[in-house]
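Feature annotation from Swiss-Prot assigns topological domain 'Extracellular' to 1-39, 97-111, 175-199, 265-285; the stated evidence is sequence analysis. Per Swiss-Prot, the feature N-linked glycosylation site maps to Asn3, Asn16. According to Swiss-Prot, the transmembrane segment annotation covers 40-66, 76-96, 112-133, 155-174, 200-220, 243-264, 286-308. For 67-75, 134-154, 221-242, 309-350, the entry in Swiss-Prot reads topological domain 'Cytoplasmic'. The disulfide bond feature in Swiss-Prot is assigned to Cys110-Cys187; the stated evidence is sequence analysis.
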Amino acid sequence: MSNITDPQMWDFDDLNFTGMPPTDEGYSPCRLETETLNKYVVIITYALVFLLSLLGNSLVMLVILYSRVGRSVTDVYLLNLALADLLFALTLPIWAASKVNGWIFGTFLCKVVSLLKEVNFYSGILLLACISVDRYLAIVHATRTLTQKRHLVKFVCLGCWGLSMNLSLPFFLFRQAYHPNNSSPVCYEVLGNDTAKWRMVLRILPHTFGFIVPLFVMLFCYGFTLRTLFKAHMGQKHRAMRVIFAVVLIFLLCWLPYNLVLLADTLMRTQVIQESCERRNNIGRALDATEILGFLHSCLNPIIYAFIGQNFRHGFLKILAMHGLVSKEFLARHRVTSYTSSSVNVSSNL
């Protein structure tokens with residue numbers, strides 16, 4: 001077995017959990033010149049994201065589940081988005097601990113948390129693509145038959161979860177806890193003699209069907225949706241779309257940088273661009289930083305709903321009023337002030 005496929009020969013100090021083994025037969029290990037990121041800053045960041053995500057997404061799910069009468073198709077999608085973020089947030093303490101002592105949690109947790117990370121990403125973009133199609137049909141084609149049949153939305157969401165699981169399944173099957181000599185233990189893919197080739201397949205196929213295709217679907221649908229709104233001068237409907245546009249924008253700002261860096265790393269590993277120690281180090285640092293940005297996404301949607309989503313604020317206050325935590329007079333005043341700007345709620349979202 002050559003040094004490119006034998007885990008004993010890899011320099012794991014240079015590789016993060018998303019890195020790849022070197023592909024060059026004449027490869028010699030590269031050493032990082034400086035620590036990529038202060039691990040304690042990363043740990044504190046993960047802890048804050050965990051707490052905010054746990055609290056925020058739980059509140060989002062609570063508000064949507066309480067509002068059974070006025071629950072829309074978009075609300076069902078956003079409920080599933082919150083569930084995906086909440087499940088991923090539960091893994092953040094494990095990711096944080098691994099930054100200190102390496103991967104000490106064994107193979108099973110290695111598989112599970114890797115699976116949840118990928119499922120969170122893919123389900124997020126697939127659900128957002130479904131929302132874009134729903135808004136496109138409702139606004140551009142004025143189609144209400146599909147959007148009003150909520151039982152169909154449940155099957156669409158199940159399809160998104162199923163596809164996300166399939167796209168993420170290789171991480172569950174092939175990731176293992178491994179403790180190389182003279183290095184901290186890692187959670188890593190072990191694919192046998194053809195590790196480099198199969199890792200290319202495991203990158204290209206999921207990101208094509210789980211990122212690029214849904215991204216183009218969103219760009220197409222929202223492009224025509226915005227065109228229709230501006231052309232028809234639908235000011236109220238445009239304002240009602242603000243939450244959805246904000247959610248999509250935040251998702252792209254958080255996950256697009258990581259995927260672009262991952263693409264650069266893939267091009268380097270396949271020798272499309274020249275590989276060097278300096279380039280490996282730069283890409284490694286960028287992967288670390290952009291992965292944290294992606295993790296941060298799991299706590300941001302509830303913040304968007306709180307600041308932009310009038311229905312979410314009213315639903316939350318309604319729950320508080322039901323339990324005597326705010327007065328019904330205050331709730332009534334809030335309802336009156338928010339009615340004028342949300343009376344035409346084309347997205348029926350938070």
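Note: Cβ is positioned from N, Cα and C throughout, glycine not excepted.
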Legend entry - Distal contacts, the transmembrane segment (40-66) - CB-CB under 8 A, six or more residues away: 75-76, 78-79, 82-83, 85-86, 88-90, 92-93, 95-96, 99-100, 292, 295-296, 298-299, 301-303, 305-306, 312, 315-316, 318-319, 350
Legend entry - Residue numbers, six or more beyond the limits of the transmembrane segment (286-308), whose CB comes under 8 Å of its CB atoms: 16, 18-19, 36-37, 42, 45-46, 48-49, 52-53, 55-57, 59-60, 78, 81-82, 85-86, 88-89, 92, 95, 120-121, 124, 242-243, 246-247, 250-251, 253-255, 257-258, 260-262, 264-265, 350
Inset, instruction - State the three-class DSSP label for Cys110 (disulfide bond), counting H, G and I as helix, E and B as strand, and everything else as coil. - result: helix
Inset, instruction - Find the average pLDDT over the topological domain 'Extracellular' (1-39) in the predicted model and report it. - result: 46
Inset, instruction - Measure from the Cβ of Cys187 (disulfide bond) and count the other Cβ atoms within 10 Å, all protein chains considered. - result: 23
Legend entry - Tertiary neighbours of Cys110 (disulfide bond) (same chain, Cβ under 8 Å, six or more apart): Trp103, Arg175, Gln176, Ala177, Cys187
Legend entry - Assigned conformation of Cys187 (disulfide bond) - DSSP reduced to three states: strand
Inset, instruction - Please give the sequence-distant neighbours of the topological domain 'Extracellular' (97-111): residues at least 6 beyond its ends with Cβ less than 8 Å from one of its Cβ atoms. - result: 17, 39, 42-43, 46, 171-173, 175-177, 179, 183-187
